[in-house]
Amino acid sequence: MQVCSLNVFLYTFFCVFLETVRLVGGGSRCSGRVEVHHQGQWGTVCHYRWDKTDAAVVCREVGCGDAVEALGEAHFGEGSGPVWMAGVDCKGAESTLKNCDHWGWGKISCSHRFDAGVICSETRRLVNGSSRCSGRVEVLHNQQWGTVCDNGWDLQDAAVVCRDVGCGEVIEALRGGHFGQGSGQIWLSDVQCVGSESTVKDCRSQRWGAGNCSHHQDAGVVCKALRLVNGSSRCSGRVEVLHSQQWGTVCDDGWDLQDAAVVCRELGCGEVIEALRGGHFGQGSGQIWMSDLQCVGSESTVKDCMPKRWGARNCGHHQDAGVICSGVKLVSSCPCSGRVELLHSKTRHTVCDAAFDLWDAKVVCRELDCGAPVRLLGASAFGEGDGQVWSQEIQCGDNETQIHHCPTSASPLLNCSHKHDVGIICRDTVRLVDGGSRCRGRVEVYHEGEWGTVCSIDWDMTDAAVVCMELGCGDAEDEIRNAHFGEGTGRVLMAEVECKGWETRLKTCPHKGLGSHTCKPQNNVGIVCSASRLVNGSHQCSGRVEMVHGVTWGAVCDDGFDLRNAEVVCRELDCGAPVRLLGTAAFGEGDGQVWSEEIQCGGNETQIYHCKTSALKVNCSHKQDVGLICSGALTNGADSCSGRVELKYFNEWGTVCDASWDMQASSALCHQLNCGSAVAVVGPEWFGEGNRSIWPDMFVCEGNETRLSDCGISSWSRPACSHSQDAGVICTRKCCVEPYYLQLINDCHQAVRLTGSGGDCAGRLEVFHNGTWGTVCDDGWDLRDAHVVCRQLQCGTALSAPVPTSFQAGDAPIWLSEVNCTGNEASLSECSLAEWGRHSCLHKEDVQIMCSGTNNVVATNLHANLQMDIAARKLHGCLNK
């Protein structure tokens, strides 16, 4: 305040400046505890009702620019003397704090623990960031705000800015107009701070406004009095805040996704992935500054969420809160797989698949705490996004912790639309080991640099379901205890897991804590998941083929789905070999998506997930949903309608005691397998002895049931059985011709057969066409063609071609001539064929074949698949459908 006095005798003026407001304890003249001078004494201001409007009046009064933050709780230390003002209510236009409304000078009893403070921008500010401590750097010169050029801009320069604006440590020095382009002057260029300066104006640089720059080179910073500690990247870890120049943690009382979202936004880390509790990222030390946060999610800083004063009560460091957030996310129902989306200048972008490779995928998986990439998918495999498409090529190396640290190409790729949105599948920090495929095995989790196992105490199917979903492995089929998949070599890291079923990651389920447990290795848990399933069939091994994508099941188009794909599905489901492959929605039309990429299995994969897919999509609807019937583990031959009976209880195969099995039960099973009626019930002398469990329950059937599950079950008077009493069945093998068969396998269920030898792997070749069996002319026939037939019949390889005539000539139509196979086809139908019925051949030219796997056993093992609930059987005496 300026006071002037007139001396009437000397006719002179003298003026003095009386300071009435000052900032103390903030380390610079433009930040600190607010003190006012009244009645000849300095005193403080109570923080009650203190807000940014009041702070703005103070900043303007002391000549320090804009208000950056209004602080309470004696942020800059407790003052002394009177507390002069309380309940301050400025309107914003006042020239001095004393002109603002308040409750009277010194009339309110307020402790110095609640002294108010401010941080003013002075002559620098951060603009367009996600919080006050991130943004484009601007400085005030000649009463005009201007930007800083990024020529030479580095972490040392950014550190000075962070310290100058009271924002603690520097996190990033950003270039290229990261926070948008400013306007007006570019005041500073080629800034060269050593790091110890108090303001960026003290650093060496070109003279004011002399740089040769444009606003697309505006410099930015991310700095924080908030940080994440002990995570895998700067956007994950234990939450720590800076208060009174000391870092402290946040108590997890009431900690939730809304609180975590504010932290992520304040740090410029994009969206929240997880809000973690219980010292997930290790226990901090020192103060616990915050507790019982009540964010609504829209706050710009986590300090706005504090319902209590600084310092937590009744909270230990074992309750330190943590968060995982990122400027990149994977969009799907699974946390570690999906369409890649980047946050740039506050705008979400999908990424063009031509601009993204495995190195980039590694960085994204690492940044999201999702392990390593398993698969890189193009052509909008996870659906098309919306908004902008990032089309500059991303060029990550192997050391970046975040995708936005990676360089990009100068020019965009052309012709990129959402049809080319890239997606990835990451491994995450849970895996299944020693199960023969990635979707079955011993459960292991990754923690602090080591893999360890999970104890089976309290483990159940709900826990297994969360793991299967997290790994993108579909449904949980079984949870298996007692180190079924081996004991493993690491420590037991998790115990007493209690998932609720809604969790997307195993680590977020309640458990006893990550670390050593007293659980023994022989109590390790394992699970079985499936990424494929058969729906709407007469039993578990038949139905519409569906595959999981993230956590969404979708049907598969019949166009391009062949025998090799079918073999993998049957194998994955523990259902033996394919019996029939059916198209045109034979098991009904599905709903949701249709898997339209052509699946290209080699035939030896353990899961359909391991098969390659083509980038080219086919145009399919649910009218073309493919269906499949598997044998249920058919071995040793080609007949699907006779064999040893094996049933499946709780995902475990077992034989049936012949004392518990009769013709009525056999007929129900034959009907279920679409094999007509039962001809005979036979013993193990026909089909051999099994080596699995033996189910002694008595089936109570009438013989007219369409499936075995329609029969009742009695567990009374169970006989004692051995495998010498394994039951077998022979069905009539009714051969029905249906127009939607794509391929038929095994005798009347085949599109090909060998006849006349008494065995299944040698004889005259016949093919099924227009409802009639016919022969094949040997014109152009060679060993490659014969190999395909032997492979299709599961009879090994062809011994020679042509074969000298040794089997009786046929008398049916001659259907084919000039067959041309490469030798790699899964079935004869995939070879190049001439027009059906067009030939100039006689039956003496009928093709005959001898395969290496010659088998004279007509009937072979049959595993009828039946999933039963043992508990239900005991309680209700019947078999659930």
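Including glycine, each Cβ sits where the backbone N, Cα and C put it.
Automatic, uncurated: that is what TrEMBL annotation is.
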Ask   = Pick from Cys162, Cys264, Cys269, Cys295: which cysteine does TrEMBL list as forming a disulfide with Cys223?
value = Cys162
Request  = If you have TrEMBL open, could you say which of Cys601, Cys620 makes the disulfide with Cys611?
outcome  = Cys601
Inquiry  = With Cβ-Cβ distance below 8 Å and at least 6 positions apart along the chain, what are the contacts of Cys851 (disulfide bond)? List them in sequence order.
reply    = Leu754, Cys761, Ala762, Ala786, Val789, Cys790, Leu793, Cys795, Gly796, Thr797, Ala798, Leu799
Note = One should report the C-alpha separation between Cys295 (disulfide bond) and Cys203 (disulfide bond), rounded to whole angstrom, as 39
Inquiry  = As a test of reading the model: what is the averaged pLDDT for the domain 'SRCR' (124-224)?
reply    = 83
Query = What does DSSP assign Cys264 (disulfide bond), in three states?
reply = helix
Request  = Fill in the CA-CA distance, Cys213 (disulfide bond) to Cys426 (disulfide bond), as an integer in Å.
outcome  = 41
Key: Cys162 (disulfide bond) versus Cys841 (disulfide bond) - Cα distance in angstrom   = 90
Key: Spatially closest candidate among Cys162, Cys305, Cys365, Cys416, Cys529, the listed disulfide-bonded residues, to Cys100 (disulfide bond) (Cα to Cα)   = Cys305
Request  = Specify the count of other C-beta atoms within 10 Å of the C-beta of Cys777 (disulfide bond).
outcome  = 21
Request  = Between the domain 'SRCR' (328-427) and the stretches 21-121, 124-224, 532-631, work out which stretch tops the count of Cβ pairs under 8 Å.
outcome  = 532-631
Residue among disulfide-bonded residues Cys223, Cys325, Cys416, Cys468 with least C-beta crowding, 10 angstrom cut-off = Cys416
